[in-house]
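The following features are taken from Swiss-Prot:
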- Cys337-Cys346: disulfide bond (DISULFID)
- Cys345-Cys408: disulfide bond (DISULFID)
- Cys374-Cys439: disulfide bond (DISULFID)
- Cys378-Cys441: disulfide bond (DISULFID)
- Asn72: N-linked glycosylation site (CARBOHYD)
- Asn168: N-linked glycosylation site (CARBOHYD)
- Asn269: N-linked glycosylation site (CARBOHYD)
- 1-20: signal peptide (SIGNAL)
Amino acid sequence: MHYCVLRTFLLLHLVPVALSLSTCSTLDMDQFMRKRIEAIRGQILSKLKLTSPPEDYPEPDEVPPEVISIYNSTRDLLQEKASRRAAACERERSDEEYYAKEVYKIDMPSHFPSETVCPVVTTSSGSVGSFCSIQSQVLCGYLDAIPPTFYRPYFRIVRFDVSTMEKNASNLVKAEFRVFRLQNPKARVAEQRIELYQILKSKDLTSPTQRYIDSKVVKTRAEGEWLSFDVTDAVHEWLHHKDRNLGFKISLHCPCCTFIPSNNYIIPNKSQELEARFAGIDGTSTYASGDQKTIKSTRKKSSGKTPHLLLMLLPSYRLESQQSSRRRKRALDAAYCFRNVQDNCCLRPLYIDFKRDLGWKWIHEPKGYNANFCAGACPYLWSSDTQHTKVLSLYNTINPEASASPCCVSQDLEPLTILYYIGNTPKIEQLSNMIVKSCKCS
């Protein structure tokens, strides 16, 4: 027994001290870049649920203005969000995600006060009754006082009163919009892709009227289900700017108009109706008249399922303590990771040109982006006489293929908004975690 104890003791002390450099496999910078480029290729296709790049089609001479407006407003929102974090010396709120948060539920009200009506919009043909005109009037930011249950075949408008939460605006951690999709047995299509937009208040008809948030594919005839959307940025904006609270728009993924560059005409498309039905938004009038069985069933399934917001806020005392803690951490890391010339773990610049580096022509905007990557050695920060070092040395001896020391990995990442084409159809998507902003040893 004493022999075994002595043997273990000697083993712990005689094993060489862990190396000062990371045991993670090392690569030269060219290899790092090639691997990063290939990883981005797979990441983009995977996030778009594509097994291979779309077939090459001739690029349009000009992208429709309404598509560019949506892309620009979504891109600007992400840039504003990143700028706010940088100015406040903030990271992703990993600490706040750990602690308990106060949750508030805000139900959709049945009515909103009357506001200024939109100016009449006409197309090149002079028509004001097309879907394009109607949509422009509803989305221009000056909404009529009509109840949410007013039936619109192509889209739905949802609004919320968050004025009671304005005093806690800085405490907002996350906001979720939840809406219950009802089963629609009479739907003409079995599946539709619905999109959620934030309605913007525009000063004129050239300004964007909506900002893309997210999309989901739903089965219209299937059993009902809750749909959740992250609307943190929109609600945060409403809490700080009350006049910008114009609600959300739920619509189909299809352009309402076709823009012809040669003569600047806008031709309204025959849009597919929104077959998905939502509790608390779609009244019984959306179903066939006289079908009392369907109406009764719909009312029962809609009970207690009003569209609502779930707001998660940190208590003020906890937010203050965590903000000071977070800023101290940022200051410590900044000097280590962002030197111009450094062999240790730090952020390395890498610009991806979609055509040059990936051979892709189907992404229209942006032409490329700063993807960046993390590389460098991760020295141990503990001394050689600590028991922790000895345990790691023993572990490294028993598991020579494993990494007992930290590796240089990404820490803060930001999303990327892209405008791309599938055939002749423009699409706008927000890809999460595409831009590396800082690194750490982990």
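In case you wondered, yes, glycine gets a Cβ from its N, Cα and C as well.
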TODO: Starting from Cys378 (disulfide bond), work out which of the recorded positions listed here (Asn72, Asn168, Cys345, Cys439) have their Cα within 10 Å, and give them in sequence order.
DONE: Cys345
Task: Of Cys346, Cys408, Cys439, Cys441 (the disulfide-bonded residues), the residue whose Cβ has the fewest other Cβ atoms within 10 Å - done: Cys346
- [ ] Work through the recorded positions one by one (Asn168, Cys345, Cys346) and name whichever has its CA nearest to the CA of Cys441 (disulfide bond).
- [x] Cys345
Task: DSSP three-state assignment for Cys345 (disulfide bond) - done: coil
TODO: Would you count the other CB atoms within 10 A of the CB of Asn168 (N-linked glycosylation site), including those on all shown protein chains?
DONE: 17
- [ ] Taking Cα atoms as reference points, rank the recorded positions Asn72, Asn168, Cys346 by distance from Cys408 (disulfide bond) and give the first.
- [x] Cys346
- [ ] Would you kindly give the Cα-Cα distance separating Cys374 (disulfide bond) and Cys346 (disulfide bond), rounded to the nearest Å?
- [x] 6
TODO: Round to a whole number and give the Cα-to-Cα distance in Å for the pair Cys374 (disulfide bond) and Asn168 (N-linked glycosylation site).
DONE: 37
